[in-house]
Structures are given as C-alpha cells and as structure tokens.
Amino acid sequence: MALSRETLISALLVALLVAIPLLATAAGEPFYVTLATRIAILALAAVGLNIALGLGGLVSFGHAAFFGLGGYVAGIFATHAFNAEPLPFGFTATTAMPVIWLGAMALCGLAALPIGAISLRTSGVYFIMITLAFAQMIYYFAVSWPSYGGEDGLSIYVRNSFPGLNTAQPLPYFLLCLGVLVAGLVLFQLIKGSRFGAALEASRQNPTRLAAVGITPFGIRLVAFAVSAMVTGLAGALFADLNRFVSPSMLSWHMSGELIVLIILGGKGRLFGPVAGAMVYVLFEYALGGVTERWQFFLGLILLGVVLFARGGLLGLLAGKARHG
Amino acid sequence: MRTILTASLLALSMTAAGVAQADPVKIGVITTLSGGGAGLGVDTRDAFTLAIKKAGETDVELVIEDDAQKPELAVQIAEKMIQSDKVDLMTGIIWSNLAMAVVPNTVAQDVIYLSPNAGPSALAGANCHKNYFNVAYQNDNFHEAMGQYANQDYKNTFILAPNYPAGKDSLTGFKRYYKGELAGELYTQVGQTDYAAEIAQIRASGADSVFFFLPGGMGIAFMKQYAQSGVGLPVLGPSFSFSQDVLPAIGDAALGVKNSASWSKDLDNEANKEFVEAFQAEYGRLPSIYAAQSWDTANLILSALAKASVKDKDAFRAALREADFKSVRGEFTFNANQHPIQNIYVREVVKEGDVLTNKIIGTAFEKHGDAYVEQCKM
Amino acid sequence: MSAALLIEQLLNGLQLGVMLFLIAAGLTLIFGVMGLINLAHGSLYMIGAFACAAVAAATGSFWLGLAASLAAAAAAGALMEIAIIRRLYERDHLDQVLATFALILILSEGTRWLFGSFPLYLDIPPILQGAVPLPGGGQYQLYRLAIIGVGIVVAVGLYLLISRTRLGMRIRAGESDREMIAALGVDIRTLYTVVFALGAALAGLAGAMVGALQSVQVGMGEPALILAFVVIVIGGIGSIKGALVGAILVGVVDTMGRFLLPKLLALTMPASQANLVGAALASMLIYIVMALILALRPRGLFAGQA
C-alpha cells in the first residue's frame, strides 16, 4: 500500500513539474520555466549522487567536483567554439550538446575512477571527508588557474545547441532537461532492479557475505561511484548552460552539501526523493528570498524541522512507511 | 514625448491624471545582504534607496534581492527580475565574479546594467557593451593610483594579493605605474585568515614599503596581524581594506595607512556634503565608498530619467552617457567604454574624535580612465 | 633564506597547528563519545569570537571577553545539545549532516541579526603585545607564543581529564560501550550534555583567541570547520592525540608550503609564474597530504574505536 501511495505522490510531483512551466509559458511568465529547469537539473545531479549514496551507502561529500567539472566542460567547449580555437588533445570544439554531454560524462567518469579507487579504501566518516578533500583540491585548482577565468568564472555567451531545438528559449530547454532527468531516473531504477543493483545493495548491508560469494565490494562500489559521478557531471553541463555561466562556486563544498541536502530532504534511496527535495529546496529558496533578507535563517528552521520530524524525508512523510530494504 | 515624461517625473499629479507614458520605472537591485560580505551590500542598498527617497521620486519602483554572494543565485535573481518583474534597469552587484556571471546575459537581453562597484577588465575591453555602464571604477584603477603614488617615496615595495583574477589584476595595475624595484611578490590563498608566513617574509625581504590588496575579512586579518607583528614598514593599498565599513574592525592598526580611492567623505563639493549629512542623519553611521558609488548610480539614473524615457533605450543610453548629475566625487564623465574618467585620490587613515576615517592627502591621477578602453569597439 | 626566518616560519606553522587543535579537539571529542558529525562546530567557534568581541568592547577587557566566550559557547552548546542534538545520536550520519547544516544557516543569520552586518573589532590584550627575541637573531610575537602555550595546556588538560578523572572514565566508557555504562547507572544524558558543552567551550575559546588576530565576522567558522575536519580525519576520528598530531602536521605543512613552494618552483621557472603556480599548489597541499595519508592509512594516523 505504501508503495502505491509513493508512486501516486511521485506521479503528482512530475505532473506538477511539467504543468507549471507549460502554464507559466501560456501566462507569459517565462521565469517560472527557468525555475522549473533549475529544479530538474538539480534533481538530476541529486539522482546521480543518489546512486552512490542511496543505493551504495557511499556518502560522497565531494560530488560538487563532478557537478563543476561537467559545468566546465560545457563552458570550455562553448568558449573555444565561440573563439574558433581548437581544444587541447586535438579535440574539436563544438556547441552541440550531445557531444558536450558525452565529454562531461567521460571526464567525470575518468576523474571518478582514481578518486573512487583511493576513497573507497576508507569508509564511514573517512569516506565523507576524503571525497571532500578531492573536491577541495579541484576547487582551489579552478580558483587559481587563470586560463578559464579562475574565481571570476567563465561566461557562455550563447547557450549551446541541440539538434532540432531552440535551446535559447526557456520552454524547449526545460523540456530537454526534463527529458534528461527522466532518462536519469530510468537509469536509477534500472540499476536498482538489476543484479548489479542487488550486489550494490548487498555491499552496503553486508559486504562480508558478498565477499563470501566471490564478489568484491570494491569493484561494484567503484563502478557505482563512477556512474554516479557521470550523471552528476551531466547535470553540471546542463546547469552551466542554464546559467550561461560556470564558476568555481559550482565546485565548492556548499554545493556538495546542497546535493546531500536535496536527497535527505526528499527521502534517501527513493527514486523520486531527489525530485521532491529539489522542488522543495528551490521553491523555498525562491519564495523566502523574495520575502526577507533573513531567508537563510528560515530555510535552516525548515530543514531542521524536516530532519527532526519527518524521518525518511518529505516522501517518507507523505507516503508513509519507509521503503523496504 | 520627452516633455510629457519630464513633467510626469516632476509632478505626481500628472500620473494621477493618467498620462499613458508614465509607467513607473522599475529598477532591479541585486546585492549581498546576507553572510560575511553583507556590510557592503547593505551600504549599497541603503544609499541607493536614500537617494531615490531624497529626490522625492515616487515613480521609481525598486526590486531589491539578496544574492548571498553566490554567482548561481545572482543569475537566477537576474532572470527573475528581467522575465518576471520586467525591470527596466539593473544595478547593485558588489563582486567581480558575480558581475561576470550576471552582466553579459543581462545586457544581451537589452536590459541596461549600471555597476555600482565591480569593474572586471573583461567587461571594460573587448567585451564592453552599450548596455553596460560602470559608475564605480575599472578594477585596476585604485591599484594603478597606488603604484603611481609609491614612486614618490619608495623604491623597494613588497606586493601581495589573493591568487584569483582580481588579485592578479591588482598587482598588474600596481606594476603598470610603479617604477621602483619589487622586494617581493606574493599570491595568497583566497579566504586565507592567517598571514604569519607572509609577514615573516616581508620582514626578511628588506622592503621599504608594503602594498596589498586583500578585500573583506582577508584585509582585516592581514592589517591586524601586520600591526601586531611590529614590522612597521609603511603600508599602501586600495581603499577596500580601509573603507568605512571595515575600519572599526581593524582599529588603530590602520592609522596612517595611505590608500587610494575615487571618493572620500571630506571631498570638498556640495553634492558630497549633502550626501554625507543625509546618510549620517538617516542611518547613524558614516557612509563607505560603496555607499558613495551607489548614491552616484542612483543620481545618474535620475538625471537620465529627467531627459529620456527608459523605454526609449537609445535616448536613455545617450542620456546616461552625458553623466549630467552632481557626483559626490566631483568631476565625473564617461569614457568611450562607458567606464568612469575621474580623479583618483590618495587618502590617509586618521582619527576624528573616536572615529577612524579617511582624509585626502593628495591626488594620484587627474581625469583618469582605464587601460582597456582601446580594446573596446563600441 | 636565513635560519632565523626558517625558525620563525616553523613556529608560525606550529602556532597555526595549535590553533587548529583547539577547534578540532572538541570536534573529535564529540565524535568519539557520541558518534556525532557536528557541522555546526564552526558556528560555536564564531559564537566564541562574537561573545569575546562584544564583551571586550563593552568592558574594555580582553580577559572578561575570553571568559564570556567560554561561557557563551558552552551555554550555546548545551542548549543545542538538549534541544536538538540529543535527538540525533540514534540517527545515521546523513541526518546529522542535514540537521547541523541547518544549524549553520540558523546560527549564522541569527548572529547577523544580533550583531549587524559589519565585522567587529577585537584586539590582543596589552600585556601580550610585542615580541620576544629568538635564538639566531629573529623575534617572535608574544601573543602567538601565548596561543602555543594555551594549546599545550589544553592538550595536557584534556589528557589528564580523560585518563585521570571520573568524568574521563565515563567518557572512555561511553566511547567503548554505551549500553554498559547506562546499565551501570551513569546518567548518560547528562554526560553527553557535559561533553558537548566542553567541546563547544573549546571551540569558543579558539574563536576568541583567533578573533584577536582576524576579522570577527559572520561566516568565519566555515573555513575553520573544514580545516578542523581535515585535522581530525588525518589524526583518526575520536583520538585527541591524533587531533594534536594532525593539527600540527596541517599547520606546518600549510605554512611551509606557502613559504617554500614558490621558492622551489622558482628554480625551474620564471619567478612571477612560480609565484602563481606555487600559490595554487600551496592551497591544494593539505588536501593532497590528507588524501595520501588516508590512502595509506584509511582510518587516520591514530585510529580510535570509532
């Protein structure tokens, strides 16, 4: 029963996320489309983290590294294409989003392998902190590396393109991001239901038994970590294009913290948890920011309320019992 | 059309009479009102609202929002102001990196942006834009002035700044005019709070003076530790670390420091006296340079509104370019890249009664523009 | 480069390390005993600095301010523990992260509400101004030496507290077996409140002492918090000894990195470029060291039972 209620509420969330931009466009209020796009992208980033955190129990406090790297791929491609300069390593710059997305995912996957390989030697709080350490290294590197703007960041003068769509318009870009979010959710569900997902789940709950049947938790976790990083990196590329700007603040530990907050807020390990979390977080940030300059104070109170009184996040609160397993 | 609008600005009764053109002017102010850097944003906001209020302007509507010093949030607010609030003009951003995030896309959507503080070189040169007006300074200006001033007395200066673009611009700007030797050149970490290692190097370097650019909390920490260390070499810097908002936090350690700025509270002109008095009367504190620049921004906008409708972008931009307002900085004109041509003064930190403040001791540059104007093809 | 400068820089590193130890000691103690990740520890440090600055400004005495910082941080810590933190011990680390993240937002904006948006003034007390001569011809600032002294006193005090007193015995028991000491009739709730308040007071003390060197402003706790986490993770979470060693390692590595890296690089590249690259590397250095240590010793240098 609990499951079907969760499904119902999730469906409602998605319907809301789709309906609002359509209504806003009809009403001539394109800003709400932008806001919904932001929700979709942050939700995607959190879905990525949820693969590691929710399924694998790997609490990464450094996923901003991948979010930011993805963003920088979009920014660097756009800049080089704008100035008609070739990229390093003989790649040709392009403004085609599919290529950029592949580049972002490839880079994040490649970065996640060594980071994961070292980090996964640790566990618990040590894992939380070593992932933070790697993110901080990349953050300071980005701040002090002059080629792409350093602390000032990098502007994307024209949003990158997608074949057949006018991405400069808010609504098509929203639909594109929504499509990618849905793909991310499908991927999450596929992983969760697969044998790999079962092994990942087991590596979280009982690594010894997993080892006993001849599977090393390390390999499974590493793959999950890399996939998780790739999805978050893809979201980063979309986020840079949304803002037409990328800067080291996308790599900061605040960003890592926010991604974790989105997941817990919505409900850890649940398919639609990140979507619910992103919706609530962005809407509160927006609504409170318009009301009072003390908005962070009230945002803090709300978050505290959720964690103290709504175990299992908002979906847990709305959909009743925590999921099984 | 112009007469109708001018009339409507002069008298509220005209709008009440229902003149079609007299839509209220909407100005979006994005500034930092929370977190560690909030003091600068608060001064910017307070001076801006006060200037509008003093002018008796009732047709100007302000939309003020907090960016929390986060570029992504500033971008979101800018989108909201443009798309949802449909503002005519935007202003308010304090920090270069936030300006770089917001300005290019704002001006591309044909919204006029007036910078009350940041002036990154990227926006002054090749990427200058007809919708971008900088009412404050180009980022290099104050550092150039200090380099020029250092030539008078010093031959072996030690220079340091944070390791980010504004920091590099700072040291480049200083070196552009400084002719002496460098006793040392250091880049510090962004957000660094302990400067013992750097101060030890200054002491050992045999320098005859120190130039530093460390905005915000970094500068407060450096100045206190420098004074406590007893190195005692003369200190030079841009005004950011010796502005009215941070002087109380540095305390007597700042006394005697020479710093460069386009404005000082003792600058002798009518507009400035009026401003300092009005600000003090309203808020019970002395205004900072951020307040002065924001006050000028508001008055520049008002002067242009008196000449042209904000809906007629070409006419309005032309009116802005005339800079026909009484600047608290004295003479003020726009360069070809719509950045200021103004005097840069050298100030000294002094104590008036119990209050630390600045007084002008000289002029480093008269009618100074910036080094990037040539690259601007507008 | 003279020997005197080198000695001075080593002392600077030591002093930075001791300062980090004061912040990290409370954090590691709280984690060791209660198993709690407290992101709001940096806010307690900020509260200490603000309390010291406010009281020192009102009374003119740094020492009264220092006492106030201890009292304010301990009180804030106890209040936090009783009202909120207590409900989090049984939760997993994620809930603790979210709740204490929320506390950061509340405490930062709350402080700004009380004290306004402008940084506060706090100077070192007159008796600790000035410098003392060093062997080899250099000199070192008295206040910084005093910080090193306070750090040593706190380290010894904590060692004695934990190994020699009844409270310490309970803390050690609490670390190893929670149910057992409850069964023995020790009031574990009060014990936890006391430990939390003690950790908070240490953070407040650090905030007050650092406040005299830096800018007392909202947000000052966050960089300190990150460094404190680096320290306790390097040292081994829950180990006071580990926190001390980790703190001094981080302090010395960071200071010497900022000092020596540009000079080393200048041997292979032009000076101005060496300055830039050296500064960039220096800012990443402690994180590189941390990753190396954890790669070799996944539970830190002095792993506790945590």
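Using the three backbone atoms N, Cα and C, a Cβ is placed for every residue, glycine included.
Where the annotation comes from TrEMBL, it is an automatic prediction and has not been curated.
Residues or ranges marked as transmembrane segment by TrEMBL: C:16-37 (among others). If one looks beyond the transmembrane segment (C:16-37) by at least 6 residues along the same chain, the residues whose Cβ comes under 8 Å of a Cβ in the stretch are 44-45, 85, 88-89, 93, 96-97, 100, 147-148, 150-152, 154-155, 158, 171, 174-175, 191-192, 195-196, 198-203, 205-206, 209-210, 224-225, 227-229, 231-232, 235, 237-240, 242-244, 246-252, 254-255, 304, 306.
What TrEMBL lists as transmembrane segment is C:44-64 (among others). Taking Cβ pairs closer than 8 Å, the transmembrane segment (C:44-64) reaches residues 23, 26, 70-73, 76-77, 107-108, 111, 114-115, 120-125, 199-200, 203-208, 210-212, 216, 218-221, 224-225 in its own chain, all 6 or more past its ends.
Look at TrEMBL and you will find C:70-89 (among others) tagged as transmembrane segment.
Only residues 6 or more beyond the boundaries of the transmembrane segment (C:101-122), in the same chain, are considered here, and those with a CB under 8 A from a CB of the stretch are 39-40, 42-43, 46-47, 49-50, 52-54, 56-57, 62, 65, 80, 84, 208, 211-212, 215-219, 221-222. The feature transmembrane segment is assigned by TrEMBL to C:101-122 (among others).
Marked as transmembrane segment by TrEMBL: C:142-162 (among others).
Below 8 angstroms of C-beta separation, residues 19, 22-23, 25-27, 29-30, 33-34, 38, 41-42, 44-53, 62, 65-66, 69-70, 72-78, 80-82, 85-86, 89, 122-125, 143, 147, 150, 154, 167, 170-171, 174, 181, 220-221, 224 of the same chain, each at least six residues beyond the ends of the transmembrane segment (C:190-213), sit close to that stretch. The transmembrane segment annotation in TrEMBL covers C:190-213 (among others).
Sequence-distant contacts of the transmembrane segment (C:225-253) (same chain, at least 6 residues past either end, Cβ-Cβ under 8 Å): 10, 13-21, 23-25, 27-29, 31-33, 39, 41-42, 45, 155, 158-159, 162, 175, 285-287, 289-290, 293-294, 299-306. As annotated by TrEMBL, transmembrane segment applies to C:225-253 (among others).
According to TrEMBL, the transmembrane segment annotation covers C:274-296 (among others).
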